[in-house]
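Engineer: Sharing a structure with you now.
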Amino acid sequence: MVSFSSLALALSTVVGVLAAPGSEKYVELAKHQLTHSQTGTKNGYYYSFWTDNRGQVSYTNGKGGQYSVNWKDCGNFVAGKGWNPASAKTVTYSGNWKPSGNSYVSVYGWTQNPLIEFYIVESFGSYNPSTGATELGTVESDGGTYKIYKTKRVDAPSIEGKKTFDQFWSVRTSHRVGGTVTTKNHFNAWAKSGLKLGTFNYMILATEGYHSSGSATMTVS
């Protein structure tokens, strides 16, 4: 996922009794709602919204670390708020996530030199992202057990364009949507398993969907 070589901002149509076209609330909501890939900073947080432009996906920046995303019959998207540059910080989050099909809630990000895409998966929908991957170990953190995996993407979209790169995973065995994620615990466990991160690029509390529908409203700090 995630190639930002050609980004565009599109304001989507918003309809509803509480946000009628021409109303102040309508105009304010439209300013923050995205339907095409974009990154930026809003209310002190970095945000990243990437979509392959298949199906219907809309992302809305809320106040502070809050965001919402709605999707219907999507291809693939990843959306969320966090930090750029990232660090081994402790992430606290809460939210309401209602997927129908394949979707994840994760602490998600990238490093460079080497180019690594990483996930700390808190919950997933109909598909376990570790399916077919070899388990490299486990890490106990924040009241749960996470299984560690490594996978490879070949000629796939990345923050550096189409590249071949590794993906590092921690997948929580007991699902949750809300709590604290001590990322340092995962990064240290990955290193002990021979998984070397590079220099941090960005890291977000992400909602991802793949050929699915759903909605999510999340807040991160």
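Cβ atoms are placed via backbone N, Cα and C, with glycine included.
Heads up, here are the entries from Swiss-Prot:
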ACT_SITE  Glu117  active site, nucleophile
ACT_SITE  Glu208  active site, proton donor
DOMAIN    33-221  domain 'GH11'
SIGNAL    1-19  signal peptide
Engineer: In whole Å, note down how far the CA of Glu117 (active site, nucleophile) lies from the CA of the residue listed as 'active site, proton donor'.
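Structural biologist: The residue listed as 'active site, proton donor' and Glu117 (active site, nucleophile) have their Cα atoms 14 Å apart.
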Engineer: Reduce the DSSP letter at Glu208 (active site, proton donor) to three states and note it down.
Structural biologist: strand
Engineer: So which one is it: of the active-site residues Glu117, Glu208, which has the fewest other Cβ atoms within 10 Å?
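Structural biologist: Among the active-site residues Glu117, Glu208, the lowest count of other Cβ atoms within 10 Å belongs to Glu117.
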Engineer: Kindly assign the residue listed as 'active site, nucleophile' to one of the three DSSP-derived states: helix, strand or coil.
Structural biologist: strand
Engineer: Mean pLDDT over the domain 'GH11' (33-221): what is the value?
Structural biologist: 97
